[in-house]
Amino acid sequence: MAVANPTTEQAILSEMRKQNRDRRALRFWLGFVLLALFCLVLVGGATRLTNSGLSITEWKPIHGVIPPLSAAEWEEEFRLYQRIPEFQQLNSSMTVDEFKGIFWWEWAHRLIARAIGVIFALPLIYFWLTGRIEKRLRWPLVGILALGGLQGGIGWWMVSSGLSVRTDVSQYRLATHLVMACLIFAGCMWIMRGLSRHSDDPPPTRSSRGFAAAIAIFSLFQIYLGALVAGLDAGFSYNTWPLMDGAVIPSDLLIQQPFWINAFENPKTVQFIHRIGAYTLFALTLINMVIALRAAPWTTHARRAILLFVLVTLQAAIGIATLLMQVPLHWGLLHQAGALVVFGFAVANWRGFYGEYPHGTMIAERD
């Protein structure tokens, strides 16, 4: 019978303790990034809800950090805004002081985005150079950083759609911008969750992991639909619930031709589809909870299923309240925040079925 080498065991334990310390540091960093991303999405939502997104008409990645500091600079910034259709057709009576109100939202949104790039890139470089990032995570983290750079380009692509002909941004580009933000958020959540300890409870059923994936993906699709609602101001189309214009299925959902374009450009149809998406997500999380409670009651997986259902139910209630009150700013932002919370938890729940990343020493022993 082989006798374990005490020196080898001590070396393994020492390496595992170091990895655990490194993982705690990475979790703290990624958690801070997630919080910053959450704030960025909320400020972006406020920018949209206050119609502030076209107030800055130029893309200045570096010196755009500095806002106008003098009356002359404010006049110049306002003059640039006066050139676009939004001002000419909708805000022609706006004063410089009123312009400042919409300018600060867009400026804050861009500033936070730049700041996130810094708080992601600099620690990534530091952790990489000091050997604190496990090899399996290096390129996924670089990929997230690259997506962040791409997201900046998508943001300007979105803004540019409202600078020449339209008086607002394209709902398609707005949805792309929000979905990309959610994908970056999901990537950080996925890695952070993998660096955390997991329960040893077995999945309730063999299909639990796939069902969790379906819920997370559908949550993202529902956010995409919500972005179309925001882009088309579709939240103002029907402000009643549960009926729409006194009917379960309104009569004017397919008035545009070709008929399929209604799903993307008819505000009433877009709101209808978003409602159906909410009912579907509610049903999916309810079924998931019932299955988990029946197959594996009081396990970690069952508790997560309960919490996910509760979050979706609260989000649905917030959505209904927002609709009935005709989308006041604070309720609209609460609804957007709830969407990101639901999606983030759905991703964490999905990742929970894969377990913690194995330690390097465990891999070496297995090999």
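Here the Cβ of each residue, glycine as well, is placed from N, Cα and C on the backbone.
Because the structure is a prediction, the values reported are computed rather than measured.
For HIS274 (heme binding site), the same-chain residues 6+ apart in sequence whose C-beta sits under 8 angstroms from its C-beta are GLN222, LEU225, GLY226, LEU228, VAL229, ALA234. Secondary structure from DSSP puts HIS274 (heme binding site) in a helix. Under the heading heme binding site, Swiss-Prot lists HIS274, HIS335.
Annotated transmembrane segment per Swiss-Prot: 25-45 (among others), in sequence order. Long-range contacts of the transmembrane segment (25-45) within the same chain, counting only residues at least 6 positions beyond its ends with a Cβ under 8 Å from a Cβ of the stretch, are 105, 108-109, 112-113, 115-116, 119-120, 123, 127, 132-133, 137, 177-178, 181-182, 184-185, 188-189, 191-192, 195-196, 230, 332-333, 336-337, 340, 344.
Here the transmembrane segment (111-131) has Cβ contacts under 8 Å with residues 22, 25-26, 29, 32-33, 36-37, 39-40, 43, 61, 65, 138, 141-142, 144-145, 148-149, 151-152, 155 of the same chain, all six or more residues outside its ends. Per Swiss-Prot, the feature transmembrane segment maps to 111-131 (among others); the stated evidence is sequence analysis.
Swiss-Prot lists 139-159 (among others) with the feature transmembrane segment, giving sequence analysis as the kind of evidence. If one looks beyond the transmembrane segment (139-159) by at least 6 residues along the same chain, the residues whose Cβ comes under 8 Å of a Cβ in the stretch are 53-54, 56-57, 59, 61, 110, 113, 116-117, 120-121, 124, 133, 169-170, 173-174, 176-177, 180-181, 183-184, 187-188, 191.
Marked as transmembrane segment by Swiss-Prot: 174-194 (among others).
Here Swiss-Prot flags 210-230 (among others) as transmembrane segment, drawing on sequence analysis.
What Swiss-Prot lists as transmembrane segment is 276-296 (among others).
According to Swiss-Prot, the feature transmembrane segment maps to 305-325 (among others), an assignment based on sequence analysis. Within the same chain, residues 204, 215, 235, 238-241, 278, 281-282, 285-286, 288-289, 291-293, 331-332, 334-335, 338-339, 341-342, 345-346, 349 sit at least 6 positions outside the transmembrane segment (305-325) and bring their C-beta atoms closer than 8 Å to a C-beta of that stretch.
Here Swiss-Prot flags 327-347 (among others) as transmembrane segment, drawing on sequence analysis.
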